[in-house]
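Here is the structure we will look at, set down as structure tokens.
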Amino acid sequence: MGQVASMPHRCGTYVLELHEWYRKFVEECPSGLITLHEFRQFFSDVTVGENSSEYAEQIFRALDNNGDGIVDFREYVTAISMLAHGTPEDKLKWSFKLYDKDGDGAITRSEMLEIMRAVYKMSVVASLTKVNPMTAEECTNRIFVRLDKDQNAIISLQEFVDGSLGDEWVRQMLECDLSTVEIQKMTKHSHLPARSSRERLFHANT
């Protein structure tokens, strides 16, 4: 997803600010370690509940650099620092890990669609209304058309970075950028979430 983060925003989603995650991390994990189960729990507390579980798992995997199933402060702070102060290329390289689920260095259509569906599910729950939204499939297809330059049905890291830097719509959908994140939050006097101005990302933008 520009995820903390844009992460992938997207197909219309928001993700929390990593600084808020860090605060909760310190409060809820004073040991300095967090498991996937714990991460899913506090991720759901500040987004849209259980509908965020699939996306939370992908974010956790991207944070867990050494693949030991635990995220420590070092891994977490490294991601925060990079997403807050890194170059556009750095942010896109981190975003790439979210979509490259099997870590083989390439994103397949099914891998991207899986993330887009998870993000889309979160957005549907958080949004009040949407007019003619793009589907997760349409979003994935559009991104593949624009990024898969050699048409070999996969997106390499180079294609992901170069294509996103050269296409503002794709970059908005995929880049993790702390400065552009907006969070759906419950209003003080209502059980309904406030509508985010970034819902426009659900719509076709050519």
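Numbering starts at 1 and runs along the chain as displayed.
Cβ coordinates are placed from backbone N, Cα and C, and glycine is handled just like the others.
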Additional site residue, Glu54, Glu75 [criterion: listed by Swiss-Prot with Asp64, Asn66, Asp68 for Ca(2+) 1]: Glu75
Ca(2+) 1 site shell beyond Asp64, Asn66, Asp68, Glu75, criterion: Cβ within 8 Å of Cβ centroid: Leu63, Asn65, Gly67, Gly69, Ile70, Val71, Asp72
Those binding-site residues of Asp64, Asn66, Asp68, Glu75 having Cα within 10 angstroms of Glu111 (Ca(2+) 2 binding site): none
Under 8 Å by Cβ from Asp102 (Ca(2+) 2 binding site), counting only residues of that chain that are 6 or more apart: Glu111
Cβ-based neighbourhood (8 Å from the centroid) of the Ca(2+) 2 site, residues Asp100, Asp102, Asp104, Glu111 excluded: Tyr99, Lys101, Gly103, Gly105, Ala106, Ile107, Thr108
Secondary structure content, the domain 'EF-hand 4' (135-170) (per DSSP, counts of residues): 24 helix, 3 strand, 9 coil
